[in-house]
Amino acid sequence: MTPGRSSERPAPEPDPTADQATKDAMSNATTVSPAHSASTASTLITNIAALVTNDPSLGDGTPLGLIQDAAVVIEGDRIAWTGDQSKAPATDNRVDAGGRAVLPGFVDSHSHLVFAGDRTQEFNARMSGRPYSAGGIRTTVAATRAATDEELEANVVRYLAEALRQGTTTFETKSGYGLTTHDESRALRVAARHTDEVTYLGAHIVAPEFAEDPAAYVALVTGEMLDACAPHARWIDVFCEKGAFDGDQARAILAAGKARGLYPRIHANQLSYGPGVRLAVELDAASADHCTHLTQEDVDALANSRTVATLLPGAEFSTRAEWPDARRLLDAGVTVALSTDCNPGSSFTSSVPFCIALAVRDMGMTPDEAVWSATAGGAAALRRTDIGRLTPGAYADLTLLDAPSHVHLAYRPGVPLVTGVWRRGERVL
């Protein structure tokens, strides 16, 4: 089984080889020397003012499962115990959290990190109200094709390290800036060396060479390109939108991926109303991402499915577009995830804390809901139960804040509150 690739089960445990590759990558990606190395030794983190477990059976009984005056025990790469610090068991090592908050590492379930180049001019023109007709995604495609493997890998490592310093311990990332068989497959090979979850997005846009024959490009994406890319990915994605791929094309692409053992997710209803969300539900996609323009039928379909609505406020911030209505989705019973959409064109941020602040300020979410969506919600969007929560048996992925409460992530936007990160039981910050 290749790195990032799942087995037949819809929510498998990560491949141990892939996990070690990711762990090694993150050690290389940060200049901070690990303060604690995962082993069979146990470590107690105590004097935690507020511990977010995301287990309603713990603590205050809310979805966050909040425990005050708490402690956590790590054994190897897993959580062994959580609870009141006065009842903590004896361990080999001890860390004093100093009356700070601890929460699960953020799960960034939607990003586009394998790219080269820069679109500063495009952003500057957009923010200045000036027309700008150069390239868009095609600009990044040209730069990515021209880049060496080493340059692409250096970019991935850089942005993963940046995200890690801000508390992100799990990240999905996609191809989509190659749009040839060679460039899409090499993007996925680069991604699979460094990320937990890898997504084949050959259907980002129609490749420029096929502008006059999109049907031929769909045939390529579902044929030769899929054959080359499937061994390196767990997921398949498509941008179902006017100007990209319509509902029939998206269905054909996702169905072909499913036939090759890839699980579907979809860029849906970002720029306009369309069939993307209902297609996601029809195909049991793990996630429908963006979800800005939704009919009541779309909302009802999501609420009655296990497809997660992944909201990406960085895109609306960077494009001055309409905000997704998170409140409407949550009130309908839809599972919501919160992610960065980190990419060079429409959301060049790797900061989940920033997205939490935006979601609370502009999308109708409470701080509790935003934190849950950026942790357990992201895990649900990846159909994982071993991340996004701090409960016995889950991976020991923790974020320590320089604040007494998780609410400070929205209360103090832009402040670098993350002061400690453990990933798979190893302190990396």
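A Cβ is built for glycine as well, from the same backbone N, Cα and C atoms used for every other residue.
Taken from TrEMBL, the feature Fe(3+) binding site covers His110, His112, His267, Asp341. Annotation for His267 (Fe(3+) binding site): spatial neighbours Asp237, Val238, Phe239, Cys240, Glu241, Ala244, Gly276, Asp289, His290, criterion Cβ-Cβ under 8 Å with sequence separation of six or more. In the three-state DSSP classification, His267 (Fe(3+) binding site) falls within a strand.
Summarising the annotation, TrEMBL assigns Zn(2+) binding site to His110, His112, His267, Asp341.
The annotation 4-imidazolone-5-propanoate binding site is assigned in TrEMBL to Arg119, Tyr177, His204, Gln270, Ser346. Mapped onto three states, the DSSP output places His204 (4-imidazolone-5-propanoate binding site) in coil. Same-chain residues at least 6 positions away in sequence with a Cβ under 8 Å from that of His204 (4-imidazolone-5-propanoate binding site) are, in sequence order, Ile137, Lys174, Ser175, Gly176, Tyr177, Leu179, Phe239, Ala244.
What TrEMBL lists as N-formimidoyl-L-glutamate binding site is Tyr177, Asn343, Gly345. In the three-state DSSP reading, Gly345 (N-formimidoyl-L-glutamate binding site) counts as coil.
Taken from TrEMBL, the feature compositional bias 'Basic and acidic residues' covers 1-12.
Residues or ranges marked as compositional bias 'Polar residues' in TrEMBL: 25-37.
Residues or ranges marked as domain 'Amidohydrolase-related' by TrEMBL: 102-421.
Under the heading region 'Disordered', TrEMBL lists 1-37.
Note on the domain 'Amidohydrolase-related' (102-421): mean pLDDT across this stretch is 97. Note on Asp341 (Fe(3+) binding site): other Cβ atoms within 10 Å of its Cβ, all shown chains, come to 26.
Apart from His110, His112, His267, Asp341, the residues listed for Fe(3+), the same chain places the Cβ atoms of Ser111, Lys174, Asp289, His290, Leu312, Ala315, Ser339, Cys342, Asn343, Ser347 within 8 Å of the centroid of those Cβ atoms. Counting only same-chain residues at least 6 apart in sequence, those with a Cβ under 8 Å from the Cβ of His112 (Fe(3+) binding site) are Thr173, Lys174, Gly176, Tyr177, Leu201, Asp341, Cys342, Asn343, Pro344.
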